[in-house]
Structure formats: C-alpha cells, structure tokens
Amino acid sequence: MDDIFTQCREGNAVAVRLWLDNTENDLNQGDDHGFSPLHWACREGRSAVVEMLIMRGARINVMNRGDDTPLHLAASHGHRDIVQKLLQYKADINAVNEHGNVPLHYACFWGQDQVAEDLVANGALVSICNKYGEMPVDKAKAPLRELLRERAEKMGQNLNRIPYKDTFWKGTTRTRPRNGTLNKHSGIDFKQLNFLAKLNENHSGELWKGRWQGNDIVVKVLKVRDWSTRKSRDFNEECPRLRIFSHPNVLPVLGACQAPPAPHPTLITHWMPYGSLYNVLHEGTNFVVDQSQAVKFALDMARGMAFLHTLEPLIPRHALNSRSVMIDEDMTARISMADVKFSFQCPGRMYAPAWVAPEALQKKPEDTNRRSADMWSFAVLLWELVTREVPFADLSNMEIGMKVALEGLRPTIPPGISPHVCKLMKICMNEDPAKRPKFDMIVPILEKMQDK
C-alpha cells in the first residue's frame, strides 16, 4: 500500500480511512519536507480527505519546513471550499512563512481572486509586508488590488504598510509535524537510551528526561517488587495497547523495554516541555491559564476521553487526573497512556482519590461503570481548571478516600464561576452514575463555550 502522503495527495478516501482506523498511525506526522497529510490534501484540493483528517484531529496550523500552513497551500491553489473549511476550524489567517508571506500573498500572486476576497472578509491583512517589503495587494492585478483595499477599509483595516518583523510569530508556538519514524519502534534497545536528567521519583518509579534517535523523550522506569517471568510476559502483552498514535489528544507510549541489570520495565514517551496539567496549574509555569485556555484544555481532554471510550475493550486501569494529562508544546492537552497502570502494579491501591468517583472508591473495578466514573473525574478536573486549586489539598489521600466514599465530601464550587461551566460541572458530577453524560455529548457543549 502506498504511504499516507500519497493517498492524501491522490484523494484516496477509503485508503485514508483505513489508515486512520489503525491506532498506531499518527496523522500529524510529516514527510521528508515536513508536509503533514493535511498539507498534501489541502494542496491537491482533496475536500473529503481534508474533512476526514480535521474530524480525526489533524492540527490546522501545522507548518512544513518552509513554515507554510495548510491554509497557505489551499490559498495558493485556489481551493476555495478548503480555505473556508480551514477558516471554520480556526486556521491562523495571517500565519507567516519563512519568506514573511501570509496566505493572502499567495492568493493575490496566483490570481485566486475569490479566495483572496474570502480571506479579506475573514480578517486577512492587506498591508502586511513580507521580508522583501511587499504587501499582499502589491502582488495582485489592478482590479483585484483596488477591490481588496476597498473591502479592507470597509472592515476597518488601516491601509498603511505594516513592516515585516521577525517578531510576528514570537510568543506563538510553531507547530511542526512529528517525526514519522517514532511510531515504528515498539521494542526499544535500552542501550540506545540516553538518560539526561531525573525529573521525578515516586511510589511507581523514576521519571527521566532523555534522548533517543535524536528526539527528546521521557523515560519512565517502573518500580516493581519480585519481578518474575509472568510479570515480564504481562508487561509485553499489555504495552502494545498503549501505543495510540491516531488521536491528537492522546499521548502514546512510543515503546518499551526491560532495563538491565535487574529488569526494570521501562516506558518511553514524547517529551512535553510544559509537563502535566498539574504542573501547569499548580507549580508556577510561565503562563496563566485564563478562562478561554481552561475551556480549550477541557475540550482537549473531553475529545481524548471520547476517543478512548470508543475502544473495545476499554484500556484497563486508566485513572483520569491532572497528573495523567500532559500539555504539548502548542498548549494541547493530551491523555497520557504512560500513566496507565499495569496488572502487576499494586492492584487495588488508589494514589489520587481526590479525582476518583465515590462509587469507584466503594466498589471493585469490575462492579463499576468505568465510563461514568471517568466523567466524575473530568468534573473534578473542570473544578481544578476554574479554581486553580488542588482538590482537598489539606487532607491526606487516606482521609480523602474515606470522606469522599463514606461522608459525602465533594468539591465546593466557589462564587464567580461562569454559570455555563458551573452547570456542566454539576451535570458531570451527578451522584447517580447512570445520569452522567457521555464524553461525546459534552464535546459539542464545550465547543460552543469555546466559540463564545
């Protein structure tokens, strides 16, 4: 079968769908020139494939090696329907490539009049200069030039030249396609791992920053007592299900090995510069999580969980809390598969009871509706996002577990919280597990909240 880039170029929707259905395939990977599948589908005008990729979570503002986004390519080639689709999904209309050109530069240069008009109608700047001092309207033929200037002026744009500055994109993050080879290695040679710095150590093991095949990674070395042939076999059997590359809000395990001399089971995952959601909210990272970013994180997590809940059987022993949600370099929240517990890791032990549903604290896992219990955990995450507080921070884990399970301890919603978030929190934290919504039901609610 041809590679995914060829299938997207040629518009082979059936082959693309089959490829996307394999959870080990990463739809945000790049080819040798940094083109993602979405770049190719937009360049070649493959609307059905573009729609499919966006629905599955392709990154809209991903940049190739020349810093072109999919919108640059769709605008250059005059694919008006795709331009409108990308704008609908919040494509950056004034994204700057390595030459300082925005999509409107290309629409004007190639005479894509209707696309140029659409871009201006949606806020594209007509006077922004590239590295060579040229504005988009300088590239347009006379009639289009006058029309665009007139439209821009009516929309309140200042028509004075906006000089090119290297700082146009500073403070924003440039999103590159991921290395497409990383998902090919499930078994990893421990000798190839370069351990750089220990990040953390707790009951379950050690966390290290490392390098592998030229990529920054996180290495998780598990602490397991009485390692045996049976535990080794269970580890090798359970790992492959954690290699989920097909959803942008799920962070896969890249691979695994057993570290000598005493075999320590070891997991490798992508390096996340911001760490976990817990780090971002409670440990003084450099940015503020305002209301709109909080809703964005909530939407990311809901999408990731909606996807995980489609898997049959469910991934067992996955606990949703702010330490098991990682924050990507472009501020995307991703559910970490490296935090899923293995069958041999302290069965029955709860290490983060503040996020656990009361019924899950009271009953055995097999007697609990996992999907409903996850929704309770999500409600606690919503509370954490809007209050910026650690739930029940003044109590020990033992006290939290007992009080939530037996004494009705619940997070209290402080005044001043958005009524929409407040209502959603209450719905998701219904005392009756059967009355809690499913994740695919709350995704559209969060999308509406984000649009506001």
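Cβ coordinates come from backbone N, Cα and C, glycine included.
According to Swiss-Prot, the ATP binding site annotation covers ASN200, ASN202, HIS203, SER204, HIS270, MET272, ASN279, LYS341, on the basis of similarity to another entry. The DSSP secondary structure for HIS270 (ATP binding site) is strand.
Among the features that Swiss-Prot reports, N-acetylmethionine is placed at MET1, with the record citing similarity to another entry.
Per Swiss-Prot, the feature repeat 'ANK 1' maps to 2-30.
Positions annotated as repeat 'ANK 2' by Swiss-Prot: 31-63. Beyond its flanks by at least six residues, the repeat 'ANK 2' (31-63) meets 3-5, 7-13, 16-17, 20, 69-71, 73-74, 76-77, 79, 81-82, 85-86, 89-92, 95, 97, 174-177, 180, 246-249, 303, 330 of its own chain at Cβ-Cβ distances under 8 Å.
What Swiss-Prot records for 363-371 is motif 'Nuclear localization signal', and it gives similarity to another entry as the kind of evidence. Shown for the motif 'Nuclear localization signal' (363-371): DSSP residue counts in helix, strand and coil, namely 5 helix, 0 strand, 4 coil.
By the criterion of other Cβ atoms within 10 Å of the residue's own Cβ, the least surrounded of the binding-site residues ASN200, ASN202, SER204, ASN279 is ASN202. In this structure, ASN279 (ATP binding site) is part of a helix by DSSP. For the binding-site residues HIS203, LYS341, the largest tally of other C-beta atoms within 10 A is found at LYS341. Residues within less than 8 Å, Cβ to Cβ, of MET272 (ATP binding site) and separated from it by at least 6 positions along the same chain comprise VAL218, LEU251, MET326, ILE327, ASP328, GLU329, ARG334.
Maximum intra-site Cα distance, ATP binding residues ASN200, ASN202, HIS203, SER204, HIS270, MET272, ASN279, LYS341: 22 Å. Annotation note: ASN200 (ATP binding site) sits in a strand segment as assigned by DSSP.
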